[in-house]
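Some features that Swiss-Prot has for this protein:
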type	residues	note
TRANSMEM	11-31	transmembrane segment
TRANSMEM	42-62	transmembrane segment
TRANSMEM	78-98	transmembrane segment
TRANSMEM	106-126	transmembrane segment
TRANSMEM	167-187	transmembrane segment
TRANSMEM	206-226	transmembrane segment
TRANSMEM	240-260	transmembrane segment
TRANSMEM	276-296	transmembrane segment
TRANSMEM	302-322	transmembrane segment
TRANSMEM	330-350	transmembrane segment
TRANSMEM	396-416	transmembrane segment
TRANSMEM	462-482	transmembrane segment
Amino acid sequence: MDVFAPTGNLYAGAIWPEVVVTLTLLLVLVVDLVGGSAARKSLPALSIFGLIGALVTLVLQWQQPQLESFLGSFAADPVSILFRGLVVGTAVLTVMMAERYIAQSGAPTGEFYVLLLTATLGGMFLSGATDLILVFVSLETLGIASYLMAGYTKRDPRSSEAALKYLLIGASSTAIFLYGMSLLYGLSGGQTKLEAIASSMGDAGLAGIIALVLCIGGIGFKLAAVPFHQWTPDVYEGSPTPVVAFLSVGSKAAGFALAVRFLATVFPAMTEEWRAVLSVLAILTMVLGNVVAIAQTRLKRLLAYSSIGQAGFVMIGLVVGTEAGYASLIFYLLVYLVMNLGAFLCITLFSLKTGTDEINEYSGLYQKDPFLTLCLSICLLSLGGLPPLAGFFGKLYLFWAGWQAGAYTLVLVGLVTSVISIYYYVRVVKTIVVKEPQEMSVSVQNYPETNWQAEGMPALRVGMVLTLVATIFAGILSNPLFTLSIQAVEQSPFLGFPTAQAPIPESASLQVAVDGSLGSLTQPSQG
């Protein structure tokens, strides 16, 4: 029996992964309401198993023909599948780091997992939405659940402040985006399907430009792109660390999925205009995010500005708009998931044991916790783009795609800001690995021994090991992952690329020859 067979003309099999997450959400809710304390301890495991089940259905869906469901409102094309997988993978690792965090903070358990699964569901639907109504509902589902999670530890004033700021700025950005969508609805004569809007608008003139700017403003908030980034540092610093981890990858991945589909489908006649606007935003985002990060003294706030800068790097692939550009965007988000969440897993463990995330308090950690030091150092160095880690190949593919497309300014700014980012990442690593006893911080001097048998600690350790291994080996196996991304781009009709195999740079044999301002990359033929 084919579980993805059409149901009437709805093709309901396209949303099987979302159905699995919904059933998991309902099960968690019921167990939390009617179960005892022993049953509630199983909620993290239930959530993880349900999310893994959703990943399995996404893998099965990859092997099925192109599906467009619910009368064209939702697409299960390969690009959608990869972005939905990113959101679900982020949720899995978030549960792993949240179990111990919630147990130690004393906050209600069930509510957090319900909110996390709701946000995951919103992000998954947003990744495949092809209708204005579904786009808005998905965006609000993800947004409202994220606001509530940001203020989850309501007894902490910083968490409440972060949630309020996130809510106010998020509501404003939603209103801007909704106004842009209303203009599109009017200009297209009442169409709600993205493709129908593009074909019905014709020459929209000034009104079309205004709609484009408003939509970019709403999407820019989700990407934390400058100048829509003001919420990021305060929300990252004040929110619970597992929530910050989810927002930094899951919410951002859903935002990029929306940006790729919305801009490529609705505004093909204004491609030059939106690429010009995003080019400026990408440059500002890379520069501000990486420069301001240098001055930060708290690791979560440093990673907030780092995530802004990382969004600027990913925007290069969006601006380029070629097969290699979109594929490098997807590939970078795949490796960003493991290296960024790996860093947050380490921050979670350290903050649970010391109660701080001040960078100076990490001084001398190598002497007390070599495993944590190794994981955090590898993840930070990968974020900086040092070879042979995953982050290096992610940036290499992005810059290669930009250079091939003639986006020389973007690539040069990306290279310079990457060097800047290496400085502040290495500064943290240097602080961690100092060997002089007199340089050890007070928090590290009083650092308790890790009890890996305590509630939530096994899951935290598994998450750290998984992200550490993935960060190392994703660099070595970068070419198969990039090939997967290329295939997804080619097989997604809304991007308009032929299905013929595009040239792919072999990571094992990329040769860089310094020739003037930048080297040229040679690509051997696929054998």
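Yeah, the Cβs are placed from backbone N, Cα and C, and that goes for glycine too.
Cβ atoms under 8 Å from those of the transmembrane segment (206-226) belong to residues 139, 169-170, 173-174, 176-181, 183-184, 187, 232, 251-252, 254-256, 258-259, 262-263, 266-267, 269-270, 273-274, 277-278, 281-282, 284-285, 288-289, 307-308, 311-312, 315 of the same chain, restricted to positions at least 6 beyond its ends.
Nonlocal intrachain contacts for the transmembrane segment (330-350), taken as residues 6+ away from its ends with a CB within less than 8 angstroms of a stretch CB, comprise 79, 82-83, 86, 89-90, 93-94, 96-97, 100-101, 241-242, 244-245, 248-249, 252-253, 256, 299-300, 303, 307, 310, 313-314, 317, 357, 362, 365, 372, 375-376, 378-380, 382-383, 389-391, 393-395, 397-398, 450, 460, 463-464, 466-468, 470-471, 474-475, 478, 481-482, 485, 488-489. Sequence-distant neighbours of the transmembrane segment (276-296) (same chain, 6+ residues past either end, Cβ-Cβ under 8 Å): 212-213, 216, 220, 224-227, 229, 302, 305-313, 315-316, 318-319, 359, 407, 409-410, 413-414, 417-418, 420-421, 423-424. With a threshold of 8 Å between CB atoms, the same-chain residues lying at least 6 positions outside the transmembrane segment (106-126) that come near it are 15, 17-18, 21-22, 24-25, 28-29, 31-33, 40-41, 43-44, 47, 50-51, 54, 74, 84, 87-88, 90-91, 94-95, 98, 134-135, 137-143, 145-146, 148-149, 152-153, 246, 250-251, 253-254, 257-258.
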